[in-house]
């Protein structure tokens, strides 16, 4: 969507804050030994407390309130009976709707015992996301997102998951601009406009560059034993620094 005024900005910030708080609550409650279903129910209750609805559930009939992906799972992990274990790399992706406005955010973290290489992967991916966000404003080409992600991954010694993209959002979960690639595409001439609402979500991995769908029809995994981290914010493009809606 393109925001039409203060009411739109306020609505996007409201649901964005709820999404951010939900991720924070889920992360704080994550413990080794609990199932991903139990963790998802914490997120679902938190969303409902604020009157928000799970966006993947109402949009795609996703079998969970949130997406929880572990280790070789990259995205769209279905909550279930899998028990979280010490040292697991967890990704929580929460998207939600309130009063017709949508927000989407993701966060990767490791369960103790910590592995320094996993800690570095998470921190580097977060820093990459923030570098992209700080570079975006009215008039910048969309392919700048992919250029920065690709360059930062190369500098850090990581690979980019190329089949998962950033996207437009606002009045629905996925809107135009669609397929904002995480690698540079010289043929993409699209330009960011003031008021445009998009996600920024790099997926960096220790080896894989694409995902495969698991037998549940939802969960996307790497085809090898590499690990992947993802961070995501929803932002509003301005003529200066973007407005990040998904912060508490």
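In case you wondered, yes, glycine gets a Cβ from its N, Cα and C as well.
Here TrEMBL flags 11-238 as domain 'Peptidase M24'. Here TrEMBL flags 76, 174 as substrate binding site. The annotation divalent metal cation 1 binding site is assigned in TrEMBL to 93, 104, 232. Under the heading divalent metal cation 2 binding site, TrEMBL lists 104, 167, 201, 232.
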Which ones, of the binding-site residues 76, 167, 174, have a Cα no more than 10 Å from the Cα of residue 93 (divalent metal cation 1 binding site)?
76
Nearest recorded site to residue 201 (divalent metal cation 2 binding site) by CA-CA distance, among binding-site residues 76, 104, 174, 232
232
Mean pLDDT over the domain 'Peptidase M24' (11-238): what is the value?
98
Return the count of C-beta atoms lying within 10 angstroms of the C-beta of residue 104 (divalent metal cation 1 binding site), excluding that atom itself.
26
Among 76, 167, 174, which are binding-site residues, the residue with the most C-beta atoms within 10 angstroms of its C-beta:
76
Other CB atoms within 10 A, centred on residue 232 (divalent metal cation 1 binding site)
24
Going by Cα-Cα distance, pick out whichever of the binding-site residues 76, 104, 174, 232 is nearest to residue 167 (divalent metal cation 2 binding site).
174
Inter-residue C-alpha distance, residue 104 (divalent metal cation 1 binding site) and residue 174 (substrate binding site) (nearest angstrom):
10
Among 93, 201 [binding-site residues], residue with fewest other Cβ within 10 Å
93
